Every structure is written in C-alpha cells, then in structure tokens.
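Please read the structure below before turning to the comments.
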C-alpha cells in the first residue's frame, strides 16, 4: 500500500494552469492538447513537411555533383601530387630520414609544412596508393560539406537543405576543384578555423577557444593571422575602454595550442624542427617560383607585373600595408558584432599578404561569396563567383621556360584575378553593411 501524501497549507495542491495560443487551449500537466497541435500554433506544419521534401532533393543533386566530379577526376587520371608529397613526408618521419632534404614525385617537390604536419602524415604510407587517393577524395568532399555548413552558420543562414544546394556547385569552383585534384589540406584547415570562430558569438570564449586556430597554424602557417586578428581586436577594445578579455583569451588559447603542437613535433623531430624554424621557414622561394601563375598572393601578382622573379622590398611594403589595413578592418567589424565580415576579411588579408597563396588556398571564396550574397551585394557576389569559377589562371601561359615573366595585356589581367577580387572585397567591406542576427558586440568608450 502506497503511503498517503499529506498536503499542508505550506505545500498546497498546485492548480492546473490554462494557457492560450491562437486556436489552441491546453493545460500544463494534462493531455488535452497534443504537442503537434501546440507547435502548429507557432510554426505551420506545411513548413516542416516542405523542408522534409526539399532536403532529399537537395542532397540528391549534391551527391550527383560529387559523383560527377569524382568520375571526371578519375577519367583525367589525377595524380594527387601533393598527397604523394604528404605520404613521402610521413615515410621520412617513420624511417628517420631528413624531412627537409627529401624530394618527392617526378616533380621533385620538397616538404614545405612545419614538422607537426609531417607527424600527422605518418599513417599515410601504410595505405595503398589507390585506397589513399579514394579516401582523400571522400574526406575532402565530407570536409566541403562541413565547410559550407560552417560558412552558412557564419553568415547566419545555416539550413540543412541550403548546405546541399551550396555544396553542389561549390565543388566545381577552381580552388575547391584543385584542392581535390592535388589531395590538399586546405579544406581541413578552413574547417578548423571556422569551427573555432563559429562555436561562440563574437566576444565569446570557453576553454576550447583557440584550439582549432592553433592546430591549423601548426600544420600550415597562413592561418596564423587569425590569432593575430583576435589579439588586434582585444588591444583595440582595451584602447577604447571596453572589455578585451574574450579576444585576448581566445588569442592566448590559439597560441597555447600552436605552441603545444610545435613542441610535440620538436620532441619527436628535434633536428627537422630546428632546421625548419631557423632556415626553411625563411626561404619563401622553396615553395615555388614567385611569378608562377598559380601564386595569387600580392608577391606573385607583383612578380608578373614587374617581370621579375623577386619583387623584393616593394612586395614587403605592400604586404605589410595590406596586413595592417586588413587587420584594422577586421578588428573594427568584430567590435561591431559583424563576425562574418571580420572573418572573411581576415582570411582574404592572409591570402594577399602571404608570400605564396596558390589558387587552391583560395577556398575561402566560398564564405566570401555567401557573405556578399546574404548582405545584399548580389552583383559583387555573382562577380566573385564568376572569377573563381572561370579557371582564369589555367588560361595564362605557364610552365617550362617561366613564361609568366613575359606576360602582357589580357594575360596579366587574367593572372591577377584572384588577388584583384580579394583587394576589391577589402575595399567593399570598408563601407557599412547591414547586420543580421543577434550577439552584436559593441565597445563603449
């Protein structure tokens, strides 16, 4: 027999409360109204059913696009040459060889990434070449979906069906296509960066903040500008009398993650680490010729326009000015709560100021186009999309004999399209853009 519950005046029996929404009357604690009826009062059932119908269609179109790309790349017998370099780096680490003395593939390509990246490549020699290429393609396609999802979240339009619709054509833009063609790691790095910067709103921080940025910079140095952007934002906030803590802690977290990964590599590969950080990192020409058409950084554009293999001090000045202007614009946007604008601006700044930004590094065109489109700059978005889907660098003479040093007229213009698009984007983001969503961060003086 269950014990009797005695209710006192201090704990009276709670009365059922009645709540009314348009067209629905229900009681808390009763079963008089089903949950679906309550939800339908706020969100039309048609919206749910329509979304359920559209998502499989979008997914099917996207998967067909992916399958077509897979078939096209297999028909073209792509070698995934950079993936083969990664494999050789992993083999060098496993065998105890000299990492930065190796030359891989028929093109005799060197290792150019920090030693931590080579540690991550150590499992690759265990896989058969065909299996490795298939896994790399499948992995990059999955990373593209994640990248599009994070990009849409960044600009405030993260719907499942939209991810599929955007990823379907995005796989055919030249930077993404070339990333898959070479078996590159650009999408992985971009996902790490966006994951870190979209986990919390502008000015937010937790104990994992900075992990993605630090690891990305430990694999390839170009993403290292993002922690600098956070540091610049924090310093600016403090100078304006605001709370700089979240940005400074985020930058510190990235520095700790980068230092941890780098020290781990130094413990495992002391000689290679010393050689990289004291010699290899200072030799920008090791990655390739500055004037190579595929180099869409300011250094490459200047080398082609000046017909010189080394633009020297002029490039250093232009790169420094670009970095200062780009970081200033990004920090200003961040302090206004416009994180999408800030992140895209920082990415473009890093690509322009870097000594080498191959065309496949420009996968950041995906969030840039989405940002422009969702902020009402439709013409700029379509123009940017056209630039990165034009495969313009492929149409410029390049290869043996260094013909890039003898370009002129239209060929020079085509060879600078990515850099020009990046510079125009920075110029456009100087003007006030409408903000969407919540979570704006303003620093009050």
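Including glycine, each Cβ sits where the backbone N, Cα and C put it.
Within the chain carrying the transmembrane segment (57-76), a Cβ under 8 angstroms from the stretch's Cβ atoms is held by residues 137, 141, 145, 161-162, 164-165, 167-169, 171-172, 177, 180-181, all 6 or more beyond its ends. Annotated transmembrane segment per TrEMBL: 57-76 (among others), in sequence order.
Marked as transmembrane segment by TrEMBL: 130-150 (among others).
What TrEMBL lists as transmembrane segment is 208-232 (among others). Residues of the same chain lying 6 or more positions beyond the ends of the transmembrane segment (208-232) and with a Cβ under 8 Å from any Cβ of it are 113-114, 116-117, 120, 185, 188-189, 192-193, 195-197, 199-200, 247-262, 265, 281, 323, 327-328, 330-331, 334, 342-343, 346-347, 349-351, 353-354, 357, 361.
Sequence annotations record features per position, and here TrEMBL assigns transmembrane segment to 253-271 (among others). Long-range neighbours of the transmembrane segment (253-271) within the same chain, counting only residues 6 or more positions beyond its ends whose Cβ lies under 8 Å from a Cβ of the stretch, are 93, 98-99, 114-116, 118-119, 196, 205, 207-215, 217-218, 224, 226-227, 230.
Taken from TrEMBL, the feature transmembrane segment applies to 312-331 (among others).
What TrEMBL records for 343-373 (among others) is transmembrane segment.
If you look up TrEMBL, you'll see 379-396 (among others) marked as transmembrane segment.
Residues annotated as transmembrane segment in TrEMBL: 408-428 (among others). Residues 293, 296-298, 300-301, 304-305, 322, 325-326, 329, 344-345, 348-349, 351-352, 357, 359, 362, 365, 368, 372, 377, 380, 383-384, 387-388, 390, 392-393, 395-397 of the same chain sit 6 or more residues outside the transmembrane segment (408-428) yet have a Cβ under 8 Å from a Cβ within it.
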